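A.B. asks: The structure is given below, and queries will be raised subsequently.
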Amino acid sequence: MLSMPGLDEVVKQCRNKNLFFSTDIETAIREAELIFISVNTPTKTYGNGRGRAADLKYVEGCARMIADMSQNSKIVVEKSTVPVRAAESIMHILKANHKPGVRYDILSNPEFLAEGTAVEDLFQPDRVLIGGEETPEGKAAIEKLCWVYEHWIPKKNILMTNTWSSELSKLAANAFLAQRISSINSLSAVCEATGADVSEVARAVGLDSRIGPKFLQASVGFGGSCFQKDILNLVYICEGLNLPEVAAYWQQVIDMNEYQKTRFSQKIIECLFNTVTDKRISILGFAFKKNTGDTRETPAITVCKTLLDEGAQLNIYDPKVEPEQIMGDLTHPKIAESPEHVKKAVQIFSDPYDAVRGTHAIVICTEWDEFTSLNYERIYQSMMKPAYIFDGRKILQHERLQQIGFHVQTIGKKLNRNLLTRSWGSIPQL
Ligand SMILES: NC(=O)C1=CN([C@@H]2O[C@H](COP(=O)(O)OP(=O)(O)OC[C@H]3O[C@@H](n4cnc5c(N)ncnc54)[C@H](O)[C@@H]3O)[C@@H](O)[C@H]2O)C=CC1
Ligand SMILES: O=C(O)[C@H]1O[C@H](OP(=O)(O)OP(=O)(O)OC[C@H]2O[C@@H](n3ccc(=O)[nH]c3=O)[C@H](O)[C@@H]2O)[C@H](O)[C@@H](O)[C@@H]1O
């Protein structure tokens with residue numbers, strides 16, 4: 001994880017008391033009673049299941065290390081997000097390297113924290129989930145892990161299930177969360193075409209206690225290292241289980257997200273008189289959400305790529321993402337046909353006012369709080385005219401911006417007083 005408010009304090013309090021960092025893996029494994037495997041499980045980029053299945057090579061690497069180095073019994077905890085029945089593969093590796101007197105129990109204990117609120121989520125999780133075998137030994141292992149959490153979490157909030165339910169629940173939780181975003185984003189297109197306001201719709205729908213208000217914020221699309229990866233993994237599993245209808249159902253959540261990112265990007269081009277060639281556009285925010293410097297699967301990449309492919313020049317500002325990261329993402333072989341072209345067309349700024357000066361349009365890609373309190377009168381004066389703002393996160397005061405003179409477009413709301421377009425559907429002809 002790249003950034004975590006509150007983590008420094010926790011580390012300062014605990015370091016060298018009950019928290020020790022070491023690269024001596026052998027000793028660490030030998031001394032541990034419980035071992036958490038928390039390594040990355042990215043989408044496979046090669047071979048069978050490429051682009052969809054979870055790559056378990058790092059998890060397998062850990063299992064082999066544990067098998068090699070253990071001299072007494074271990075409880076191995078799957079903390080990484082894994083496909084259903086991954087625990088079986090881990091157990092297979094551990095058992096194949098059996099040593100006398102060494103017994104392994106595998107538990108699934110998926111992580112539900114979100115980036116930016118990780119420490120908060122750790123202290124006050126909605127639930128802790130522990131899955132294990134329904135044998136006396138399995139139950140004893142679950143109790144041991146439970147005991148760790150009970151130091152700060154009431155036992156009633158610790159849910160115990162069988163291993164496969166626990167593994168699947170993690171994928172299911174992410175799929176449900178992403179599905180809500182895709183659902184509201186699909187309705188944002190309907191709102192723009194009809195005059196309904198997606199925020200009002202989300203509020204009205206979310207007040208139904210059976211639905212609830214969270215995760216109904218329409219946006220340029222969801223990003224982050226997990227939603228897409230985990231749903232692709234779920235789809236892959238369903239296909240492997242010969243459940244094509246179920247696979248297609250969840251695939252649609254990803255497809256809708258792609259549609260939303262593309263729709264927003266195309267809207268920018270349409271509004272800027274159908275051509276952005278040689279126009280300079282400022283991108284405010286590059287992280288996949290606020291309070292993190294993480295750019296994995298950030299929708300900003302799609303927006304930037306689309307504009308760059310159309311010949312635009314970009315000024316990019318993000319308060320937390322390192323310039324090398326932004327350039328690396330945009331020149332990645334999967335994104336850029338010509339990295340040299342991208343390097344010439346993109347400038348990265350450390351000040352938002354410098355980033356927007358002289359540009360034709362501002363595109364908000366991340367909901368950083370600081371973007372709401374910028375001096376937009378000053379910004380307007382410094383921009384090319386007509387000056388456009390595309391608010392992909394619905395965080396700005398649109399009427400106020402229109403009073404200043406901006407042409408404003410956002411997600412899920414048809415804003416009046418735009419020069420040439422009334423809705424995302426109408427393409428101005430020059
Ligand atoms: N990032 C998040 O907010 C959440 C992540 N998860 C899951 O947690 C897992 C880890 O995610 P991230 O922390 O984001 O990944 P990450 O890629 O940021 O970190 C994983 C780390 O594991 C290290 N690693 C790989 N193999 C290793 C080995 N054999 N020994 C020691 N270290 C090794 C990598 O070098 C890397 O530093 C994934 O399965 C993810 O789906 C679950 C909930 C939230
Ligand atoms: O498995 C994981 O890695 C984690 O994935 C998500 O956490 P995270 O990706 O850190 O961030 P979220 O807050 O869920 O946001 C994901 C994306 O959805 C977008 N989003 C979120 C909520 C919303 O209403 N609308 C919306 O567009 C965010 O801007 C962001 O791009 C889940 O929320 C965590 O519970 C889970 O543990």
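Sequential numbering from 1, following the chain as shown.
Positions of Cβ are set from backbone N, Cα and C atoms, glycine also.
Keep in mind that TrEMBL annotations are predicted by a computer and have not been checked by a curator.
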A.B. asks: Out of E9, E115, E192, E324, which is the one TrEMBL records at the NAD(+) site of V39, N40, T41, P42, T43, S80, T81, C226, F227, Q228, K229, R296?
C.D. replies: E115
A.B. asks: For T81 (NAD(+) binding site), what residues in its own chain, 6 or more apart in sequence, show a Cβ-Cβ distance under 8 Å?
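C.D. replies: When sequence neighbours closer than 6 are ignored, T81 (NAD(+) binding site) has T41, A54, P110, E111, K170, L171, N174, C226, K229, D230 within Cβ distance under 8 Å.
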A.B. asks: For T43 (NAD(+) binding site), which of the three DSSP-derived states applies: helix, strand, or coil?
C.D. replies: strand
A.B. asks: By a 10 A CB contact count over all chains shown, which of the binding-site residues listed here is most packed: T41, T43, Q228?
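C.D. replies: Counting every other Cβ within 10 Å of each candidate, the maximum falls on T41.
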A.B. asks: What average pLDDT is reported by the model for the domain 'UDP-glucose/GDP-mannose dehydrogenase C-terminal' (282-398)?
C.D. replies: 97
A.B. asks: Among the binding-site residues T41, C226, Q228, R296, name every one whose Cβ is found under 6 angstroms from ligand 2, counting any of its atoms.
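C.D. replies: Cβ < 6 Å from ligand 2, in sequence order: C226.
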A.B. asks: Quick check on the binding-site residues: of V39, C226, whose CB has the lowest count of neighbouring CB atoms inside 10 Å?
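C.D. replies: Comparing Cβ neighbours within 10 Å for the binding-site residues V39, C226, V39 has the fewest.
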